[in-house]
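Participant: What TrEMBL lists as active site, proton donor is Cys128. Positions annotated as FMN binding site by TrEMBL: Pro38, Met39, Ala40, Gln97, Lys169, His199, Ala255, Arg256. Residues or ranges marked as domain 'DUS-like FMN-binding' by TrEMBL: 36-340.
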Amino acid sequence: MATTTIPTSARDTELPRPLAKPFYIGPLLVDPPILQAPMAGFTNYAFRQIVREFGGAGLLATEMVNARGFVWMDEHEAEHPDRLWGVAAEPRPLAVQIWDNEPETLAKVGARLATEYQVSVVDINFGCPVRQVTQKAHSGSYLLRFPDRMGEIIERVVKACAPTPVTAKIRLGCSRDRINAIDVAQVVEGAGAAALTVHGRTAADMFSGEADWDLISAIKPHLKRIPLIGNGDLDSAAKVVAAFERYDVDGVMIARAALNKPWLYAQAAAAVRGEPIPADPTLAEQRELMIHHFELVRERFGDEKASVLMRKYACCYAQGRPGARDFRKHVATIKSPAAFYAVVENYFPV
Ligand SMILES: Cc1cc2nc3c(=O)[nH]c(=O)nc-3n(C[C@H](O)[C@H](O)[C@H](O)COP(=O)(O)O)c2cc1C
């Protein structure tokens with residue numbers, strides 16, 4: 001009688017082939033190897049909650065939190081910044097990103113986040129190109145000029161946070177003629193960081209031009225121990241697949257595109273697993289999603305502030321949808337939940 005057992009080799013070819021493997025940040029398994037990027041003003045608890053509901057992000061991140069501001073609030077018994085909204089109680093894994101240029105201040109805040117808040121990862125921002133952070137506070141991407149200082153900061157924060165892993169997020173350098181990401185990467189690793197994320201632009205580029213993934217990939221052979229996460233311009237599952245196929249990275253991070261499509265992580269995760277890519281939600285489902293997002297923001301900020309805050313999220317959701325211009329024009333002036341619902345009802349396409 002003929003056997004029905006499928007030979008191992010044939011069975012193997014029928015299984016979806018994952019394109020990228022999960023990886024570790026210290027003790028934390030990042031699975032899938034797709035990360036939600038920190039975005040100031042956007043990646044608060046409400047947004048993270050929505051990303052979690054769709055799934056697909058192996059690690060989520062807060063907005064960047066100023067370490068000096070955190071300490072000041074502590075000393076003055078003030079309420080902690082809105083940027084820590086939800087952090088204490090929400091599901092893990094979660095990275096909190098901090099910024100400053102003082103090793104001691106960063107270490108103090110890192111330790112609090114690790115022990116009291118029990119976050120999964122403490123990430124340090126060395127990539128922010130905004131004037132207020134670079135010129136005024138000599139922090140963010142400003143520090144890329146001073147790798148020794150970066151090393152000192154990371155060493156102190158790693159020591160203060162242990163065993164919670166500490167990671168760094170950088171750009172390629174301060175400007176095109178001062179690209180130093182390989183040197184910086186070696187300093188970051190040498191100082192004890194557990195992963196490095198690289199946005200493939202320089203600080204001077206801000207968001208212009210394209211992220212240079214060849215330069216991100218060129219860092220990998222210089223890292224002995226820690227994973228490399230590439231970031232920049234990934235706005236579809238196909239681009240995430242291409243990034244893993246073409247470039248030498250352990251993980252990828254997605255930022256702006258997820259403001260328009262928070263389900264992109266789930267699509268990208270399916271694509272790298274070799275599984276069918278889930279369809280975009282229908283316009284009616286996107287409308288429900290926006291209302292759900294508003295309700296989350298409203299719980300925290302109350303009617304008026306939530307309505308104003310929601311304008312920017314709603315504009316992101318509408319981008320690229322039919323009638324987006326009209327919707328944006330009307331949503332830009334809302335001041336109350338009633339006005340928000342009316343604009344959604346009348347102008348968001350179905
Ligand atoms: C509105 C906005 C806010 C951002 N805030 C942060 C931040 O707080 N910390 C950080 O490391 N990067 C921040 N970034 C940079 C992103 O994390 C990411 O590196 C960059 O947008 C490139 O990725 P993308 O092409 O997928 O958007 C921000 C970007 C945007 C657009």
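Quick reminder: no glycine exception, Cβ is built from N, Cα and C everywhere.
All annotation found in TrEMBL is predicted automatically rather than curated by experts.
Tell me about the setting of these features in this model.
Facilitator: All protein chains shown were included, and the count of other CB atoms within 10 Å of the CB of Cys128 (active site, proton donor) stands at 23.
Within 10 Å of the C-beta of Gln97 (FMN binding site) there are 25 other C-beta atoms, taking all protein chains into account.
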Participant: Which value does the mean pLDDT take for the domain 'DUS-like FMN-binding' (36-340) in this predicted structure?
Facilitator: 97
Participant: Return one of helix, strand or coil for Lys169 (FMN binding site), based on DSSP.
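Facilitator: Lys169 (FMN binding site) sits in a strand per DSSP.
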Participant: Please report the three-state DSSP label of Pro38 (FMN binding site).
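Facilitator: It is coil.
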Participant: The record lists Pro38, Met39, Ala40, Gln97, Lys169, His199, Ala255, Arg256 as binding FMN. What's the largest Cα to Cα distance among them, in Å, rounded to a whole number?
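Facilitator: Taking every pair among Pro38, Met39, Ala40, Gln97, Lys169, His199, Ala255, Arg256, the longest Cα gap is 17 Å.
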Participant: Taking 10 A as the limit, how many CB atoms besides its own sit near the CB of Pro38 (FMN binding site)?
Facilitator: 26
